[in-house]
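A short write-up of the structure that comes next.
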Amino acid sequence: MKTKYIKQLFSAALIAVLSSGVTSCINDLDISPIDPQTGGSFDQQGVFVKGYAMLGVTGQKGIDGSPDLDGQDEGESGFYRTTFNCNELPTDECLWAWQENQDIPQLTSISWSPSSQRTEWVYVRLGYDITQYNFFLDQTEGMTDAETLRQRAEIRFLRALHYWYFLDLFGKAPFKEHFSNDLPVEKKGTELYTYIQNELNEIEADMYEPRQAPFGRADKAANWLLRARLYLNAGVYTGQTDYAKAEEYASKVIGSAYKLCTNYSELFMADNDENENAMQEIILPIRQDGVKTRNYGGSTYLVCGTRVAGMPRMGTTNGWSCIFARAAMVQKFFSNLEDVPMLPADVEIPTKGLDTDEQIDAFDAEHGIRTEDMIKAAGDDRALLYSGVGGGRRKIQTDAISGFTDGLSIVKWQNYRSDGKPVSHATYPDTDIPLFRLAEAYLTRAEAIFRQGGDATGDINELRKRANCTRKVQTVTEQELIDEWAREFYLEGRRRSDLVRFGMFTTNKYLWDWKGGAMNGTSVASYYNKYPIPVSDINNNRNMSQNEGYK
């Protein structure tokens, strides 16, 4: 029963907020006040679940038609898709095939501006969600029953998480703690960092013990892991590092009831909310269901966006052919790209006889270009890449970004169950998104120990052991660490943050294909380590100032 708790409540939650009279505006974060006497009674359970649902849905009617955010592309404006795009598309992990799409070239080349719409989408989404959290907290102020106290702690956690995204992406936030028409004030750097830290400390006692919460709700381990993430990045956010606390809180998570999943791929399959092996690692998932939570963000984006028609075992009837691996990502598993299993140039792809998964598999197997061949060649179960002929002949790298087969396909996210049973929908995935998982604590502790001059090999090798990696690390280097973050967490919506922390996102310390718009990569101005405050909010909120470097 616990595993389905959040999904069962989603339907009611999707209508709870609008029926309460909440509105939003694309051009600023002004909101209309709620009068519970005219807007209907406060549905505490519905609004509470909506607080979690906003992580994975975009409105009140599923795919589209009644969006949270008026005036925006509903499919593009969800929490996960907007944060994912800003943290993945500019990095060494992936490319977007269709460079003519709005603002995509700017993300690819790290050249965005305050007028970029995709920057505005994530900014407004984070602000909208915080508005809903403030509404819930105002409505439940003074209530002292145990369940309400726990719900309030969880909503405060989600609000702190959103403020962390503001801090990480923008270096500041339009800050409010109450639901009102007052303009948000600017809170940035150390001040915002301290606020998030204090919030997490204050709410910890009222949260579930690790692994005691219904699957999909935040517990103390989620709190500790967000704190570990905050402390690991303290040098970026405040100018003062705090690796000792990062190590301390990562160790608390590792010492809790969570355990590593023994099969890496099962973490990203459609039954990761029922398969105990996967669930034991997933600390906080974004709940997804092919029937109840249909949307164009979330795991639909991750599965459909990485597939093209003709690929074997797509897991969806709708391949969008959008996201593929950069060569730099492939190099995390193959330092020499000549070792990547690829179809020889002199082998023609048959024009007939490749109509079924079985036929494509047979051809791929004959030439050693299946995903299982990739894993074997890499000596690492995490190398979930596809170089076969399903959907066309692929390249490893390209001199012009013109289509989906300009790089290897990433098949990490799947709409297949580990037990072989059917999924709930042929197009929209059931796959939950592990927003927080235990492996992050291992790499956080490894990096924190390394930064303090200690031996970090144990934690890295623990993850490599799980991945059946044939190469164990003997000596940890900074490059080995940043590469390991990619091997473990590629396409999970965090890469930019790691690169910024390592001083590699904008500098020539590390170049990758198409960084800065150059085929072989080039450095960019350091102010791109932060996103700009959207010009719309600068114009509408006199309290907000633009980040340095942007005009």
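Each residue, glycine too, has its Cβ placed from N, Cα and C.
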Which of these, W164, W320, does Swiss-Prot list as part of the D-glucose site with D73, E74, G75, R81, W98, Q99, E100, N101, Y296? W320
For the Ca(2+) site that Swiss-Prot lists with Q288, D430, D432, give the additional residue from the candidates D273, D419. D273
Would you mind pulling the longest C-alpha to C-alpha span across D73, E74, G75, R81, W98, Q99, E100, N101, Y296, W320, which the record has binding D-glucose, in angstrom? 20
Once DSSP output is merged into helix, strand and coil, G75 (D-glucose binding site) belongs to helix
D73 (D-glucose binding site) versus binding-site residues D273, Q288, D430, D432 - nearest by Cα: Q288
If you count the C-beta atoms lying within 10 Å of each candidate's C-beta, which of the binding-site residues E100, D273, D430, D432 ends up with the smallest number? E100
Do any residues at least six apart in sequence from W98 (D-glucose binding site), in the same chain, have a Cβ closer than 8 Å to its Cβ, and if so which, in order? I104, C322
For D432 (Ca(2+) binding site), the closest of the binding-site residues by C-alpha position, picking from G75, E100, Y296, is Y296
